[in-house]
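This report concerns only the one structure given below.
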4 protein chains.
Amino acid sequence: MKAARPLPEYLVRRYQGWKATTYSDNRAWYRTLAAEGQHPRAMVISCCDSRVHVTSIFGADSGEFFIHRNIANLVPPYNPDGDHHGTSAALEYAVTALKVAHVIVLGHSSCGGVAGCNAMCSGQAPELESKTSFVGTWLNILRPGYERVADLPDDKRVAALEKEAVLVSLENLASFPFVKEAMDKGTLSIHGLWNNIGEGTLDMYDADEGKFVQI
Amino acid sequence: MKAARPLPEYLVRRYQGWKATTYSDNRAWYRTLAAEGQHPRAMVISCCDSRVHVTSIFGADSGEFFIHRNIANLVPPYNPDGDHHGTSAALEYAVTALKVAHVIVLGHSSCGGVAGCNAMCSGQAPELESKTSFVGTWLNILRPGYERVADLPDDKRVAALEKEAVLVSLENLASFPFVKEAMDKGTLSIHGLWNNIGEGTLDMYDADEGKFVQI
Amino acid sequence: MKAARPLPEYLVRRYQGWKATTYSDNRAWYRTLAAEGQHPRAMVISCCDSRVHVTSIFGADSGEFFIHRNIANLVPPYNPDGDHHGTSAALEYAVTALKVAHVIVLGHSSCGGVAGCNAMCSGQAPELESKTSFVGTWLNILRPGYERVADLPDDKRVAALEKEAVLVSLENLASFPFVKEAMDKGTLSIHGLWNNIGEGTLDMYDADEGKFVQI
Amino acid sequence: MKAARPLPEYLVRRYQGWKATTYSDNRAWYRTLAAEGQHPRAMVISCCDSRVHVTSIFGADSGEFFIHRNIANLVPPYNPDGDHHGTSAALEYAVTALKVAHVIVLGHSSCGGVAGCNAMCSGQAPELESKTSFVGTWLNILRPGYERVADLPDDKRVAALEKEAVLVSLENLASFPFVKEAMDKGTLSIHGLWNNIGEGTLDMYDADEGKFVQI
């Protein structure tokens, strides 16, 4: 792999700082984690967005959350066709091998992926509709959510679609047989959240109310 | 989405603690991030494993890294077939929309995904070879790496395969036309790392030496 | 004490979150508690097990329960030999200095200590029978309970022994003169509970029925 | 056990509330904990005092901390004499069976046990010096700490002795061979904290500075 380059020096220095402080102060725990393996309580599915780090929001310890991050925190529908499905593989591993007790889908405001889906579905982004656009084909997962908010005025539609990204993912989660089975047995529960980046608020989907409510 | 459940109370309390401290102390920056969007310098592709949080190792700020996490930090080969490819979509978005300057692949020790690939490829995990195993079909991405280390004795093979997971991903990265183009223009560089969880060490792939060297 | 290490950073952050929320919202009460001292209504004796937090189950306020936690929620027999007896000291302080009105012994399912006692008493854990095993000598307190369930088949014996751990402790409680005296005066009552962790149920010892009944 | 009484009704009602809310919302996790066992990161040794609940201060999850609570958060010296040593048993189980990575000793202000030790050691509490006083013999563990602060004026001595209770415990911890061994291997670290109840502050023992510093 000739093309690989050295790590930028500022990251080397930061790593060395971490090694001398955080790692050094927690060596015993890192060694236990290495020797005993991980036993995370929850899987979190969140966006790749650099502004949303779930470990910060929830003061998470190393070993606490199994975290999958993709564009717009989407879970595709169950489709065991033998192709490479990274999200489905992460979900299967978390539920069947690690036996996590929770799957938490965390959406957020100002999501570029969701904005792209809105543009695509409303005909303003033909480049995303090309079969060769990975982003466009990925965001197609959210199209059923778009249909439910298509009639909203422009200024409200994107915010509503960010929450649909959480709901569509929760719906698709339940289409996986191993998720359904664990939920039926009472060993797995699923949760929907949406974070407003600028305000620092967190909304939780309330199934009884049928809407998101601020915590 | 009737099945969604309330968030566990201890996470609500921890979130409220974060809101009153980290968020409150950094409100101006979160508002800027919300208003101006993200401008991350690097995309990081790492494992979902709960023991490896790249934001910790590199002291990352909000807004700094665009992070994709999947099982075994794998990048599949370029394959624009119109299906949902979460990793390829995240890569495309990072390189073409966000124009990140680096893609960093971060592997790690004691990786359950890599151990599963080794078991599958050496014929000890027939359940992963089933077409309906998402984990198995996902780990097939790493099969070319397995072929290169297949002759090693058992006790060395898994560790070698963890590093192959980084190298195969770097190779596959370069198969994406938009990655190749950005690398050729000099606007993107790619990097391979491997973290020993228990020892806290970080090895970097050195293209000149053709091997990983400890930082 | 050269060997002490700094607190892990994630706990520092969580503490700071608590300080800014729970403490800040209840400052007046914490200050009163500091100035006026504690006046707990009950002492609770429960297991160290990380899965059983009595403050959660009973929604306990700060200042409400004086809590002693040890392996398998055991109370040793009265034995004033001048040695260090942590459980007896806690009991003496609660009953004679704090004058609590209740002592509640709370057992639980899947108790590692009780399972160890069963293994030891049935001859399957010689390492616990060593005089240098603190765990083994501690679990000897429960041996009279083992004798009462020794004839049960294996699959029922451990569950029965978990309840014996509560009963033996209640019996030993009554062997302390200051406990007996307070009970005789009608200023103290004692209670036995057993919590099924997985099912969330709570069984209470019913002295009239002579058995545990689910609440 | 004829003397056991029914649980006070207000606790029955609170338990039922917990069952319908916290347990119900977290059933999956409680079932996982029951089936998979506990894997706590840390053992905490704190006081029975009803005003100091470590799970609150650190936003702890069920399954996170193995908690031993006794009078004045004391660890006795290593003394494998075959008697019942509850603290030593809890420590042995945490370090050798659960393989926790941290032992945290948490002291606190206004500690009745520490005040009692001060009274006893300065000759003002002859009843505690009786061999039949469990509290007095237990508090004797702290006598070496008293010697180090005996010359301080009365108004400063008790506060200093509260911190000595943490230091003596840390020193005694290191006298246990299995603790020493795990520390030497780098799989266990020990930590000293002191909580001011009224102010909500937390002081950490800094081994480099040789004193407690506020976080």
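Every residue gets a Cβ built from N, Cα and C, even glycine.
Marked as Zn(2+) binding site by TrEMBL: C:Cys47, C:Asp49, C:His108, C:Cys111.
Other residues of the same chain near the Zn(2+) site, with their Cβ within 8 Å of the Cβ centroid of C:Cys47, C:Asp49, C:His108, C:Cys111, are C:Ser46, C:Cys48, C:Arg51, C:Val52, C:Ala72, C:Asn73, C:Gly107, C:Ser109, C:Ser110, C:Gly112, C:Gly113, C:Val114, C:Glu162, C:Asn195, C:Ile197. Remark: C:Cys47 (Zn(2+) binding site) has C:Arg69, C:Asn70, C:Ile71, C:Ala72, C:Asn73, C:Leu106, C:Gly107, C:His108, C:Cys111, C:Gly113 as non-local neighbours, by Cβ distance under 8 Å and separation of at least 6 in sequence. Each of the binding-site residues C:Asp49, C:His108, C:Cys111 was assessed for Cβ neighbours inside 10 Å, and the highest tally belongs to C:Asp49.
Those binding-site residues from C:Cys47, C:Asp49, C:His108, C:Cys111 lying by chain D, with Cβ under 8 Å from one of its Cβ atoms, are C:Asp49.
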